[in-house]
Amino acid sequence: MSSKTDNQRISFSSVKNRLHYPDFLEVQLKSFQDFFQLDTTAENRKNEGLYKVFMENFPITDTRNNFVLEFIDYYVDPPRYGQDECLERGLTYSVPLKAKLKLYCTDPEHEDFDTVIQDVYFGTIPYMTPRGTFIINGAERVIVSQLHRSPGVFFGQSTHTNGTKLYSARIIPFKGSWIEFATDINNVMYAYIDRKKKLPVTTLLRAIGFESDRQILEIFNLAEDVKVTKANLKKMVGQRLAARVLKTWVEDFVDEDTGEVVSIERNEIIIDRETVLEESHIEDIIESGAKSILIHKEAQNGTDFSIVYNTLQKDPCNSEKEAVVYIYRQLRNSEPPDEATARDVIEKLFFSDKRYDLGDVGRFRINKKLDLDISPDVRILTREDIIAIIRYLILLINSQTDVDDIDHLSNRRVRTVGEQLANQFSVGFVRMARTIRERMNVRDNEVFTPVDLINAKTLSSVINSFFGTNQLSQFMDQTNPLAEMTHKRRLSALGPGGLSRERAGFEVRDVHYTHYGRLCPIETPEGPNIGLISSLCVYAKISDMGFIETPYRKVADGRVDLTDKGIHYFSAEEEEGLTIAQANAPLNDAGEFLVPDKIKARDNGDFPVVTATEVDLMDVAPNQISSIAASLIPFLEHDDANRALMGSNMMRQAVPLVMPEAPIVGTGLEKDMIADSRIQIVAEGEGEVVFSDATQIQVKYERTEDQKIVTFDPEVTTYRLPRYRKTNQSTSMTLKPLVRKGDKVTKGQIMTEGYSTQGGELALGRNLKVAFMPWKGYNFEDAIVISERVIREDIFTSVHVDEYIMEVRDTKRGVEELTSDIPNVSEDATKDLDENGIIRIGANVQPGDILIGKITPKGESDPSPEEKLLRAIFGDKAGDVKDASLKAQPSLFGVVVDKKLFSRANKDGKKSKASEKAQLEKMETEFLQQADALKERLIEKLWTLLKDKSTIGIRDYFGVELVPQGTRFSQKMLAELDYLNIGTDKWTGDARLDTLIEQTINNYTIKYKELDAVLKREKYNLTNGDELPTGIIQLAKVYIAKKRKLRVGDKMAGRHGNKGIVARIVRDEDMPFLEDGSIVDIVLNPLGVPSRMNLGQIYETVLGWAGRELGLKFATPIFDGASLEQINEYTAQAGVPRSGRTYLRDGGTGEQFDQPATVGVIYMLKLGHMVDDKMHARSIGPYSLITQQPLGGKAQFGGQRFGEMEVWALEAFGASNILQEILTIKSDDVMGRAKAYEAIVKGDNMPQPGIPESLNVLLHELRGLAISVKLD
């Protein structure tokens, strides 16, 4: 039954105790917090993220181990520029990273070398905004999480062309060489190292310590040891030898160069393995001196181990030494210098933690797969691993176990932002360590400090190139809040270390049963990336290991635990083999199933109907299966999946409207989506609004006594509201307040609306009265007929903001200049320009208008002496500069909403230096005054806490005691302390007091550093001016807002994949109308519904009409929405026809149409594909330099290509003159087009065309090949 929610939406959900959604941005924010761990102290930091990278790369020593550079701790300072400033100025929002390093000397000869502890600057690191984005060069970017193969071991099978099944086991480490074990058609097992060299598995086993055939066979318990005596051997006649019988002796050689005696061990094969023992062999065996021989044992439990014998047959080696040398030869293609080197190569490949790392995940997966119990800290391969893998592979060959499913989500994990950053830092630190070692070695005899060793640029360059060029660092899709949110929750299988579009087959892209509740089966792009880019489901979380988890309720003895304690998160692997009931299975209040013997359930990939006692878990909600975008489509259960895919993708393209409206028929997710998006301004706690207008909101929050002591923030918090802020996709963001002065606010309350939001809910489009019927053929093939009222009342009007940039450079011929005084331009054309040549705010712009006036020096020959004289007398004449202004493009109509001018500091003369010096001194003084005032406030706060108390000792940042134990606090003592370098823990021994003191001093430090950052910034602005790229002196920006009404040619869509182009805007009086005289707003073609199978739009239309009549809004969650009976209840209540079918009348004649049509209210969106951006025509324009043909595309103001097939069309009509004109004058006949222009101007007949330039290019190429071509 329906129930009303707090947002006045009537919900049709039937699910009891629906779980609250996790924070939708947790994927980004938590990962980044875990990476930096800024809110924990050095002692409490987990060994992950940045801390782990530091620990892995430090300490660093020089080659002689004389000097040691140790890492103690790291911290970051406040960012130099705020987020808004970075967006406006085109800067990167970043924080300076600093580390506390300790350098000491272990060599007694350097007694003059003291231990140094220093804070070292490591460069600026881009920092994540609270919205989960990074601001890089003024543009918001998102680091997309990557879905890649988890480290661990994978067993697979392939089929040879002759039908033989080949099996393989691949060990994928976190870092290091890949090793693969595989069988071939002769049933021999080989090991492949790094996919290159292959060697028999037994060779590898010998190299890792299983030297003899005997030891190898004993691993698999395949052979019986028989002591060599005549009696024993006689009993064994007829049996097969399992190992070679070797005669081993030692030969001594004298080395001719050194005269040393060298002993070499020699082997001779007496009887080969697999030989059937005969009487004649007995003597040979006894003579060989062998102590025992190995005889085949009968195989246990029917497992066929013949592969081991076959491999031994192929194995060229007989001892560990031979094996080690053989492997070295295979890997390096050369002889090893000595045995130790060869052994070292194998050690380093798999058994050295410097070169090889399985990672926590890899070790965990291998232990789980092979039932091993190796400590999680052992992150290298062990002998046990290799043997267990070979054993498992033999079981696989004998069909006693199964191969792995590579697309199972237990075999794929997510690399989040934090992990990708950690990998980049790792690369940067390795480079940095190299230079540190070099500097240590070079400066061996001097005294040096940590600062001298570290070059911050090394790290910054790696990090900046990651944010700038990595495939997974993407320019954020910011069309509307949903597009932003989806982009941050996206998972990509592409990118470095992932798949490539071309190589990805069908299986990888397909939906897998483990995607349930983890990856959305609906939302993925159409086209080459289908299935490779997916979206996280609404309830999904990413575990510490990087596996995607989804929540379930525990079910015990047929009873579901409906409390919060009953909810547990499961990864794909943990869920394996459990029976899971659907979320909408009917339950009573005690959590018992109402129909206990017939419950629809999931069990891996099957869907059995089971009894209550067989159920292990239950879904938490029916929309658990889908992503946010798919969960926003009401009645999704009635739509075909292909259309739902289009629907969820098109909602991300909806442009924010000037007057958005929340849908009448929603799914209940609209509010949560906005609350988590961090785009609207949300109240941080209980408080009161003290001021509110279109530009800002001021809130006074209630604070506890403790909070008042700890904080240094002002009492009133001010939020600035953006107005016409340009987004990445040129849509505009304008927020307006929902609260008034005097309103009380509660924590989490949304205080603004706008930017596709209304009343705290997502509002991508508008509710329109719709009729499904043909209308004079205008809605043929998905076209849309719309009423003039929609345009008149600005229902689908949106504002788009374009940014136009002009750079002023220092050229070879002189400096360019921004000015309104432009040669040969009328006064009327420059009337709106200011003294810098930039158009004024509020000016109306039309095509051809000057936006930014600029003149640039002309290139000309040296002036003659007379000219120089005239110039000296009369000043520069206008002739030596040319107009290089920025003019409005042909399709640009709009209003200037903002302009900015950035300049470098002007360095001219002593006067400016003196004034600069005075200003700098003034800044310093102001800073010192503010810093002193801040310190006084701190001492005041500390004194209220510490009056009449004594200390248990205060130490500084480096652990040196400043105040001895037992000293009583006094204001004088507090004033003398340096709070920037002080240890803040345990001053009094009272836990509450110490926490307050620590928080107060930390807040003071942050505030002080912010003041310091402001000072540095102001100094920089004064001495250097704005930060601009090299070679650029000034940068002017103009922002133009364009008001776009709905036009014929614009693309619109509903939420069900029902898209179309506006074909006709019809006067109100011509639109079809209902019996009560009300006209419909939009007419859609009914033929668009049956074949597309998206009936959700019909359900929505009918319920929407009832909602509009009753003034209600509905929430119909997906797979748990309103039934037909419930819809009919509301239509009856509203007095609208059942299922919306009613007779309409023709607007033109007033006559009733022949058939009834479905009428109702549908939610429509206007998409970003607007006709104004696409419409284009060229008369004259630029030509390509080499071919001299017109350029193509709107951006280049190009023409339409008249291609091969179009030529055929003209040939078919015999239109030879038109064809000749198109291929010459209108294309690339340079002389011809000049003559044609002249003829048109003079009114003469058209001239004969000349030779097209492309033919000339061809002739020149032929001449370049020394072929003479003459044209007659």
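Placed from the backbone N, Cα and C atoms, the Cβ positions cover glycine too.
TrEMBL labels come from automatic prediction, so no person has curated them.
Some features that TrEMBL has for this protein:
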DOMAIN    25-460  domain 'RNA polymerase beta subunit protrusion'
DOMAIN    149-219  domain 'RNA polymerase Rpb2'
DOMAIN    307-415  domain 'RNA polymerase Rpb2'
DOMAIN    474-542  domain 'RNA polymerase Rpb2'
DOMAIN    552-621  domain 'DNA-directed RNA polymerase beta subunit external 1'
DOMAIN    688-1196  domain 'DNA-directed RNA polymerase subunit 2 hybrid-binding'
DOMAIN    1198-1271  domain 'RNA polymerase Rpb2'
Seminar exercise, completed: Counting Cβ pairs closer than 8 Å to the domain 'RNA polymerase Rpb2' (307-415), the top stretch among 149-219, 474-542, 552-621, 688-1196, 1198-1271 is 149-219
Exercise. Thinking of Cβ pairs under 8 Å, which stretch from 25-460, 552-621, 688-1196, 1198-1271 has the most of them with the domain 'RNA polymerase Rpb2' (474-542)?
Worked result: 25-460
Problem set entry | Overall pLDDT for the domain 'RNA polymerase Rpb2' (307-415), taken as the rounded mean | 87
For this session: Using DSSP, tally how many residues of the domain 'DNA-directed RNA polymerase beta subunit external 1' (552-621) sit in helix, strand and coil.
Result: 10 helix, 29 strand, 31 coil
For this session: Count the residues of the domain 'RNA polymerase Rpb2' (1198-1271) that DSSP assigns to helix (H, G, I), to strand (E, B) and to coil, and report the three numbers in that order.
Result: 43 helix, 1 strand, 30 coil
